[in-house]
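Since the structure comes first, as structure tokens, the remarks are kept for the end.
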Amino acid sequence: MANPFTPSPTDAAVKYLQMIFGDVITHLVSGLSPSAASNAAATMLGVAFHYFNGGVLVFGTFILTWVTIFGIANSANDGEVLGKQWSTFYTPIRTFSAAAVLMPTSSGFAGIQIILLLVVTWSIGFASNIWTAVANYSISQSITSAAMSSITSDPNFESNIAAAIRMGSCAQGVNTAMASVMPDSRISLQLQTAQTTEQHFGETTYITTYTYADPNWAGSGAICGTMTLTDSYPIVSNALNSIFSGNPSSANTSSNTQTADMLRRNIANARNNFFTSVFEQFVPNAVSQIVSAAVSTTDIQLSATALSNAIAAEKQQLASVVQQAVQQTIAGQNSSFVSTMTSQGWIFAASYWTDLGRIKDAVRTSTTSKANFTAGSNTLENLLPNGSVLTAANATMSSITNLATLLTNKALSTPSTNNSASAPAIPSLQTTFTLNDFTDGDSAAKTMFGKWFRHLGTSLIAGMISYLDDPNEDPVMQVKSLGDWISSFAEGVFLLKTTVHAALEGLGAAAASSMLPGTSIAAGWAKAAAVFFTDMFALVSPSLFMLMYAGYFLGIWIPMVPFYVFAIGVVGWLVFVIEMMAAGVLWAAAHTTPARDNSFIGSQMQGYMLVMSGFFRPALMVVGLVASNAVLYPSISYINAAFLARVQAIQQDTVTGPLSIAAFMLVYCVIIFAVFMLVFSLPQTLPDRILRWIGAGVGDLGEQNSMGKIEGSASSQARTAMVTAATKQAHLSQARQKQRDDDARRAFAAADDSMMQTALDTPATETGPGPLRIE
């Protein structure tokens, strides 16, 4: 029967011990006896111990000589062997057995050191078996839930779907216009899908573009805009074939990296297939209704609520497709993931959370916004000659595109009646604009922007409640999910700000160069709306920066705390093995002294406790790690309950709501960090305290002092980063504010000056030939 304590040759702890002690460990793990393992080649440490053990052997020889001389003297004096005070049975056994294990070997280590190394290898197998049992029970249950909880909602989804509808409406408008002014023309804009790849900086970028064009009509692809999907993957995805192949943990890294890459690819494929179906099925259905209403002379009612519900249904369909892709990927990789996690042994037990975090990050980054819409010219001005033909064609095209713009804008500002409350998301915001949005001034845009800013705090707290109010999720991953949500929220808001500002500025620049009458007025209103949006954003920008850094802290640093604390404990264990090797020979030398209490152990009890400590320390570290996770469940649940009760009392539906939330998040970060450092110190403190209680402890080997330094440094750096970012952002906002004020004054002045001059001009847009209502 095989020894249940014998570790696997692939155990990372065995690999690291081999780096220190050489082939002695290899022979012991392979099942050879200590005498056979002693014939291994010497290492640098072995040479050092060879001379050290020689000195100890000389010292032991002096003790043996002293025992021999005084044993003869005591025998002669007391009239019995070894005298009355020394045990005649245990003294010879102790003396000669200790002398035997002090003999040096060809490996440089003494016999007692090889025996201690054998005990250490058994302790590795014991601890790894404990971790394997825990992993097989818990990890397989946590991977799927961790991955599913990281699926994020694309903040630009509604706007991108609205842009797709406008693209289809524009293409149909061009086709209708060309058919009306040039009946013999064969021009027809159709959906064109192209897939390309680019390789740069060690990544392959897959690009899918959707546009409406006629291959036989040059420049037609620039009329209605382009939708682009991008996904990037590392070119080298197999760590076994990389520069890290010599690392004992490379197999673990490779398997987890392959799982993450497979998740990215499958999610990207699912999303691309979904958008293809949107352009091939959803968009034509919506466009047909818009065209029918635009060309009809009867009273037709279009429902913005119905379109909003349809877009929400498409969003839920995308979420369902992504969830299915994640579930299938995890199901196929689950057994491989668990076996790889356990094959590296107990010293990588704490990497469980970092590996789960890697999968969560892969899912989160793959499900964030990957679609980008580039607006087209929405005019035939550069493709047809000036004159009545161009005017008639633009009028026919505008009757359809204007209606599509009005309907999609109304749908974006209308809440859906079938939104899922369990799916937190950034409030939707229109990110594409045309001059049609400002024919009646900028009041509609400002109202939309103000409503969006007021809902930021409400959406943020809804997401916090969603991620923190789940008592069944792993507490480490729960905190990470909160951090990922907060950072993704802030990043998404910044992305929306950049997109909206660029769209409004680009619209103003394009209008300035347009020859169509009435565009200068609409351009002035667009500029005013851009200034209003930027000024409002300046109020919440500092809090968003603080939230983003708090999210990074909770989502990146906190999940790595268990591994860092445990890793320092592993390094302390390696130091302890070296200490045990040096102390072992001295203990054996002390064992040559006579036995006074008729016992083989004698006064060398501490040495036997040292052996016990060497065997049980790894197992106690694993037990401490599992106990940390068990204690963390009620601890985090208690803190989250108190935190949520206080946060929900904040006035959320105000522009300044994110400021209060950011302040609470800073306090939450401090508390969570302190709790994590306290709880996950168990793998270090538990072995020391328990072994000290039974008299076998060797005391702190510097691990706790190292963690104190890391804790202080992390706290200091986090505070410095957030304060510096907020300060710099405040100075930058002040400088930009002055520039925006000047721009606003010039924009309003330009709009007022041109208002009277263009009062009799032809309107820039039309709403269609027949009576129409959008509800």
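In case you wondered, yes, glycine gets a Cβ from its N, Cα and C as well.
Cβ atoms under 8 Å from those of the transmembrane segment (56-76) belong to residues 82-86, 91, 95, 98-99, 102-104, 110, 585-586, 588-589, 592-594 of the same chain, restricted to positions at least 6 beyond its ends. Here TrEMBL flags 56-76 (among others) as transmembrane segment.
Feature annotation from TrEMBL assigns transmembrane segment to 96-120 (among others). Proximity of distant same-chain residues to the transmembrane segment (96-120), defined by a Cβ-Cβ separation under 8 Å and at least 6 residues beyond the stretch ends, is recorded for 17, 21-25, 28, 34, 37-43, 45-50, 53-54, 56-57, 60, 64, 577, 580-581, 584-585, 587-589, 591-592, 611, 614-615.
Taken from TrEMBL, the feature transmembrane segment covers 537-558 (among others).
Remote same-chain residues near the transmembrane segment (564-589) are listed as 13, 16-17, 20, 49, 52-53, 56-57, 59-60, 63, 98, 101-102, 109-110, 112-113, 116-117, 120, 347, 349-350, 604, 606-607, 610, 613-614, 617-618, 621, 625, 677, 680-681, 683-684, 698, 701-703, 706-707, 710 (criterion: CB distance under 8 Å, separation of at least six residues from the stretch ends). Taken from TrEMBL, the feature transmembrane segment covers 564-589 (among others).
Residues annotated as transmembrane segment in TrEMBL: 610-633 (among others). Counting residues 6+ beyond its ends, the transmembrane segment (610-633) has Cβ neighbours under 8 Å at 13, 116, 119-120, 122-124, 126-127, 130-131, 134, 346-347, 349-350, 471, 474-476, 562, 566, 569-570, 573, 576-577, 580, 583-584, 587, 675-676, 679-680, 682-687, 690-691, 694, 696-698 in the same chain.
Taken from TrEMBL, the feature transmembrane segment applies to 661-682 (among others).
Feature annotation from TrEMBL assigns region 'Disordered' to 731-775.
Listed by sequence, the residues of this chain that lie at least six past the ends of the transmembrane segment (661-682) yet keep a Cβ under 8 A from its Cβ atoms are 457, 460-461, 479, 486, 542-544, 546-547, 550, 553-554, 558, 561-562, 565-566, 624-625, 627-628, 631-632, 635-636, 639, 643, 646-647, 650, 704, 707, 711, 714-715, 718, 722.
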